[in-house]
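If you look up TrEMBL, you'll see 2-198 marked as domain 'Sugar phosphate transporter'. Residues or ranges marked as signal peptide by TrEMBL: 1-16. Residues annotated as transmembrane segment in TrEMBL: 26-42, 49-66, 86-105, 126-148, 154-174, 181-200.
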Amino acid sequence: MCKSAAPIFLILFAFAFRLESPSAKLFGIIMVISVGILLTVAKETEFEFWGFVFVMLAAVMSGFRWCMTQILLQKEAYGLKNPLTLMSYVTPVMAISTGLLSLVLDPWHEFNKTSYFNNSWHVARSCLLMFFGGTLAFFMVLTEFVLISVTSAVTVTIAGVVKEAVTILVAVIYFHDKFTWLKGAGLLIIMVGVGLFNWYKYQKLQKGQTSENDSAGSSPTNVATKYVILDEMDDLDDGT
């Protein structure tokens, strides 16, 4: 339930870093989607203070992470417009950080006793599974970075919300999870929110293309639709 606040923090960071123009419509759409996510997971549960603090901190940092990724990928000054180039810088840091946490928190003294590494066949199978999972993770992150480089962090988050909805449907259909009217209402609200977001972005892009064509007059131009950081737009205006 706390995780449903992640899109709200993302849009606040996007406004703060001038990645998106402050808009009541966009904020309202994000609120609608967050309410839908909340309804799909709403249930009675025990409250744990430190768990709440860590999950909310993770939600805040998730918004900060995606906004910083968009800035690095789209701002010319950093020279990281190629997603593979950015990954070559961030993935070693991620791997080292995760490795250090694993050394501290994981029970490495039980390594030889686990059924995943107690004989050569289990070792080979576990290594193949880790390689397969790592490959999927690599392409997933690469796809996210490519999407951010040509769209925005908000768009990637909305795509992630659709993934959550599909996960719920798969859990109900294949794993026979209990489907309540609350989950159904949440899924419906999520789909409405995603539809509103697509409509909002379509209108915004159409408006941008119309204004560019009007400013160009009758001269033939090939307008490429893309997202631009607002600070760079200000720099271009100052230069002209």
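The backbone N, Cα and C atoms fix where each Cβ goes, and this holds for glycine too.
The largest share of C-beta pairs under 8 angstroms with the transmembrane segment (26-42) comes from 181-200, of the ranges 49-66, 86-105, 154-174, 181-200. Confidence across the domain 'Sugar phosphate transporter' (2-198), taken as the mean pLDDT and rounded to a whole number, stands at 86. Listed as Cβ neighbours of the transmembrane segment (86-105) (distance under 8 Å, sequence separation of 6 or more from its ends, same chain) are residues 69, 72-73, 80, 141-142, 145.
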